[in-house]
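A.B. asks: One structure is given below, represented as structure tokens, and several questions about it will come after.
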Ligand SMILES: NC(=O)c1ccc[n+]([C@@H]2O[C@H](COP(=O)([O-])OP(=O)(O)OC[C@H]3O[C@@H](n4cnc5c(N)ncnc54)[C@H](O)[C@@H]3O)[C@@H](O)[C@H]2O)c1
Ligand SMILES: [Zn+2]
């Protein structure tokens, strides 16, 4: 691989240590002092006390939304719901015969209570309301609480509220950051503890989810955005540049990597990135992200796929001829976008796939948010009296080897009668 531009990794570790300590402190305060600590932290970070968003306010935001925006959100809802409903359908309860006398099975039962974090620090993200809430609804979760920062005007963005209204959300809180995650992970004031906390966020939010995992469930680690674009001579440098800047504008710590088999495409795409950064409204964020987290390299498709499977990017875009067959080379990514006409933003907003996806190499061990995130696969077993004899004979030997006498007894008793 020949790099034309590399990441600047120098500050990354220091920053992560700082975030880890800061978040640990926030979580401890809220765990020990509840609502009082939550209030103190919200006021100091976002300038406002935590507050409940009334159901009327949510419904009113939906009523007041323009017809065009309503239509856009409806199209997104329809597509996202249809993809996630199809996921629910593949998770069927089943029982199988291990042999004639032993049956085993699984049931998929939803968690009772889920909290969905919707980012809103730098930009309001009404799209994340849809991405977090619809899969929970399709899974059959009873209580869905949404948490989102209050925003500069003191209330969450009106489109974010309208999206909640469209989906019939009744519980929402204007609280952001690690403190929002702590509030639903431990419970605080009137905020009840949730069974699972899902949703993307900045480094603080993501680190908070990592630290509360085990006390509550989490969907995964969906931190600052990343894209890896794989391009051959078929690609359009203007498309490539727009797709890179589309990731970079999310956060100064976002990343965009272009790997191409064609050096001239790489050079032209870099030129287009600088042109865009000169003009685009979000260039103050995107330019910092490009300096720190922009990378461009040229190599063979084999070299590229090897690197991609190590980096495990959140988004993988395949701007190549025959993307469907090239996809087979790639095994670690949150979501893949095939061909020149499936840019990542279609997945961000409207096409149906989820945008809450693993970042920071976590696609090596997890996928993105889906209906299964909210469903617990519960296993059960039923052996007949006849099966017990054989199971006890062999099972007791293993228990005896482990020295677990009551285990052995429990099985042998069943085998005797
Ligand atoms: N991976 C994914 O699936 C995915 C999807 C969408 C968005 N994202 C990411 O979500 C992130 C959204 O970030 P955001 O910052 O705009 O909104 P956010 O809502 O995640 O965070 C805002 C909150 O961070 C807290 N905060 C800010 N500075 C802090 C500090 N110094 N110490 C402690 N807390 C602090 C504040 O309380 C604020 O309310 C972006 O990084 C974006 O890339 C990821
Ligand atoms: Zn995006």
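Using the three backbone atoms N, Cα and C, a Cβ is placed for every residue, glycine included.
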A.B. asks: Suppose a student reads TrEMBL and sees 247, 250, 315, 348, 402, 407 listed for substrate. Which of 225, 284, 287 should they find annotated at that same site?
C.D. replies: 225
A.B. asks: Any of the recorded positions 117, 315, 348, 407 with a C-beta atom under 6 A from ligand 2? Give them in order, or none.
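C.D. replies: 348, by Cβ distance under 6 Å.
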A.B. asks: Using a 10 angstroms cut-off on Cβ to Cβ distances, just flag whichever of 314, 348, 402 is the loneliest among these recorded positions.
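C.D. replies: Checked 314, 348, 402; of these recorded positions, fewest Cβ neighbours within 10 Å: 402.
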A.B. asks: Below 8 Å Cβ to Cβ and six or more residues apart, same chain only. Which residues does that give for residue 407 (substrate binding site)?
C.D. replies: 399
A.B. asks: Among the binding-site residues 117, 202, 225, 247, 250, which have a Cβ atom lying under 6 Å from any atom of ligand 1?
C.D. replies: 202, 225, 250
A.B. asks: Just report the maximum Cα pair distance in Å for the recorded NAD(+) binders 117, 179, 202, no decimals.
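C.D. replies: Value for the max Cα separation, rounded to a whole number: 13 Å.
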